[in-house]
């Protein structure tokens, strides 16, 4: 009746949908991870089960999430729906996802957010909502039930309002990311409900909103990262009406824009944040010449910042930049300074002498040259410096570089790698306490007594050194990677060595003297490096085992047959698909087992070849060409026969030659789409008797009719009539 028909149609639809999912995303059924990204889905595919823990539907065309879509995915831990076209989500769509930990709805078309979506996501830790089209977060908090939330990503180019209560329910976050490039309204106290934020990143341009947000975050954020901001000129306190102690310790500016005026005001304002210990500026632009309001900066008191990192700052007309005279009082408490990839070519001696507490200085990837280094590291400069990085600059003289750094009394760690020294003198003057020296990639042709004997760590990698014979009594680590060494350095001159790296050299032998008095501890060498003489025999053994395995697999699965048949078939494909009528010599080629030869030769051949008119049959015993390869005989005989007659029996399915004849005939059937094969079932054959390699026989017997040899004489007469009719067709 119609009810049963309707039920059947529903079941069939469900099965077809599940099959479609299985075909589109086979991994969904193979494991707990279901990757259906970039597959053109317009909806969440059905058939999702409790087995799936990770579902990736990113980069599709899904527009709506409905109540039933995820109802059965009870164990889902991660749901990735970013970069779709989702504009509508049913209120209870995520109701069954109590175990969900990651939800990514970024870069969709959500015009509003609803707290009902997240009401049952008790385990949610990571929520991505950025890149949609909502303009605010609503009148209340959409996150009130997300007590375990760790990271939250919000905002878009249209996001303009943050209201009080929008973050109620969230007490602690590891990371908060807000795209507020067009944020124009912020109600004071909106972010105060979050008691602790380890790292907050905000893209913001409105300076008034920025100031309000900073005031609210002073007591909760440890690291604040601000992008694309243009700092103001006007004086405005960042800690207005805020009580100490503050929590913020690190402030990062990325892609920000500064002028001489704004950077002066920023220095003054940031001093009010007494907890601030680290400042960072990355990919920023400074439009000015260094004419800062140093008097006002000095009057504002001492800075509490201990670490300053500046990377890839672009100073317009940097060659006209002033020497920052007057900033001396602001730098004497600084402990770590990095200015990298910023075209630094000199630090005035007067300024350098006031870095009295600086312990770490990184000037890598700049424009320092030797004659300017004399000014940068003048006598009395950097008195507390312990670590200096001058790598990737334009230093040319190792002798001068060593001499200038010898002015640093406490220096013990020096990196001057990736400078083009080219030559190395025999004698150099170095800091008295130098322990670590990096001279890698400096084009020095050899090592001389210029290298200080106080070293504990020496890196001379990538210098094309051909030998190493220095006496370094305190050396513990030696790095000689990517040189041209043919022998190891002697052990006696470096008695305290505990780590040696000699990768990518030309070592071919080790002498006894190289290890005299030294015990080898941890050596990181591959098997091939340790046992080069065993590599070739090992490869030969592996190749032999692989060949043996392939032979065994081929024998088990009869691969030889398939290869032989395929080769012969490819040769046959080059010939005309069917022999011309004048080349047809036989009415039928007979394929049979030798065990059935008595019936074939004494019964069937006599009946057919003595008929009126007689039939011409091709038998392998009688008609094959002597001396010709049997495969070619089979192919030629089938091609020159009008029909192919298979006498099927249990003996037949055990014959490999019969299988070959059947395979080739089956190819011909498909090529010509005709009725060239006639099947005679000489005796009943049980399906479990037919070997798996006779898949063609199973297919033919299922798709074509066949003649059964009857036991009674009356039925036998009818059998002969049917067979003759088939041969004539």
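For all residues, glycine too, the Cβ spot is worked out from N, Cα and C.
Per TrEMBL, the stretch carrying the note transmembrane segment among 534-555, 556-577, 578-599 is 534-555. Just so you know, of the disulfide-bonded residues 34, 349, the Cβ with the fewest other Cβ atoms around it within 10 Å is the one at 349. Mean predicted confidence for the domain 'TIR' (584-727): the pLDDT average there is 76. Around residue 428 (disulfide bond), taking its Cβ as the centre, 19 other Cβ atoms fall within 10 Å, counting all chains. Cβ neighbours within 10 Å of residue 378 (disulfide bond), excluding its own Cβ and spanning all shown chains: 17. Cβ neighbours within 10 Å of residue 450 (disulfide bond), excluding its own Cβ and spanning all shown chains: 20.
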